[in-house]
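Record features (TrEMBL):
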| type | residues | note |
| --- | --- | --- |
| TRANSMEM | 15-36 | transmembrane segment |
| TRANSMEM | 70-89 | transmembrane segment |
| TRANSMEM | 109-128 | transmembrane segment |
| TRANSMEM | 140-160 | transmembrane segment |
| TRANSMEM | 199-219 | transmembrane segment |
| TRANSMEM | 231-249 | transmembrane segment |
| TRANSMEM | 264-282 | transmembrane segment |
| TRANSMEM | 294-314 | transmembrane segment |
| TRANSMEM | 377-403 | transmembrane segment |
Amino acid sequence: MAAAPETKTVHSPALTYFSMLSLLSLCPLFVILLWYTMVHADGSVVQTRNYLKQHGLQGFIDIWPRPTAIAWKIIFVYGAFEAALQLLLPGKRVEGPVSPTGNRPVYKANGMAAYFVTLVTYISLWWFEIFNPTVVYDHLGEIYSALIFGSLIFCVFLYIKGHVAPSSTDCGSSGNLIIDFYWGMELYPRIGKNFDIKVFTNCRFGMMSWAVLAVTYCIKQYELNGKVSDSMLVNTTLMLVYVTKFFWWEAGYWNTMDIAHDRAGFYICWGCLVWVPSVYTSPGMYLVNHPVNLGMQLALYILVVGILCIYINYDCDRQRQEFRRTNGKCKIWGKAPSKIEATYTTTSGETKTSLLLTSGWWGLARHFHYVPEILAAFFWTVPALFNHFLPYFYVVFLTILLFDRAKRDDDRCRSKYGKYWKLYCNKVPYKIIPGIY
């Protein structure tokens, strides 16, 4: 088998084991506590803490919702619908980056079409009174509980598949069961020739559920109050703009660390199947029962600045994509781009060349695109104002996630490019925040 993934050597062994075991054990518990606090404890961490302090472990067992038949049915129908769209909708053929073992995955870029069909279908079912999305909100705890257990089983399937039926040579074991389960065995697992598992879990289930739940929360607030607050409208609009941007750029996402470097295990797949639907949508979940009247002027300010952040995040990725597509023969901010030509050696011993962009947004900091992404998350959360901390958990989590990802990506590139990466860092000295970090 191939060597263990590069991501396993970024942190010290002690920190790696601690973080893995902590996330494996605590993330499922946190998802349920987050849902309970948002929906049943007024969004108050103090209220939930007092309840658990008073009732102890039995109290936590009591609030954990049991997966129900309707929860499983909703998950199955939604998952089957998205899988069918992934397989059946037409799309442009797109090649991913060459893998460490020399493979180049091929995708069908139909994410935008799937996104459009999903939202139109979901809203039409509500509009024509065929299915009421409030059912999803009313059974949200049961759905999250079912996802927690179902996704763990799915990750076990991925672990076994990686051992007995890998889809490509981009597969390997570290020799440690926990590490293999957490980080994953395969880089590009597929069912058959055409159904890419990571595209399904990351994009078509996880990111699509973000949009579906944003619409669900909006409809639920409307049915509760007979209107939708301007705070909910700003939150929902910004989240939908962000997810629309994601699917517009989905083929570019297939070149990122999530797809091209992180293997399919608990970290990526369970995270996209459970963490994204629950944590990423949580500001909207809070606003359902906490409508805030921002006023037209403040709402528009937040909306405009939030959209600007999303656009800058998109433009960062667009610049790099265009730079790669044209092999550096393009204009960046009206000028020929500055670049470093770096050579590296693949695991098979083949020497290849990459161009590292050092101008435009990418001349400000090596991971500047994380700045507008974090700010966008803040602006779709700030309509909740500041009565409770919990709506801002996603912003805090995203900041930690992206700063850690910047470190992992820098370490990976340093190992890959050697002296050329040192040149790149000398030319672009700041990691994320220009002039600061």
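Indices start at 1 and increase along the chain as displayed.
Every residue gets a Cβ built from N, Cα and C, even glycine.
Just so you know, TrEMBL annotations never went through curation; they're auto-generated.
The stretches the transmembrane segment (294-314) and the transmembrane segment (15-36) do not meet in space: the count of Cβ pairs below 8 angstroms, excluding pairs fewer than 6 apart in sequence, stays at fewer than three. Below 8 A, the CB atoms of the transmembrane segment (15-36) and the transmembrane segment (264-282) form 3+ pairs separated by six or more positions in the chain. Within the chain carrying the transmembrane segment (109-128), a Cβ under 8 angstroms from the stretch's Cβ atoms is held by residues 81-82, 85-86, 89-94, 203-204, 208, 211-212, 215, 219, 243-244, 247-248, 250-251, all 6 or more beyond its ends. Remote same-chain residues near the transmembrane segment (140-160) are listed as 28, 31-32, 35-36, 39, 64-68, 70-72, 74-75, 180-181, 184-186, 189, 197, 264-266, 269-270, 273-274, 277-278, 285 (criterion: CB distance under 8 Å, separation of at least six residues from the stretch ends).
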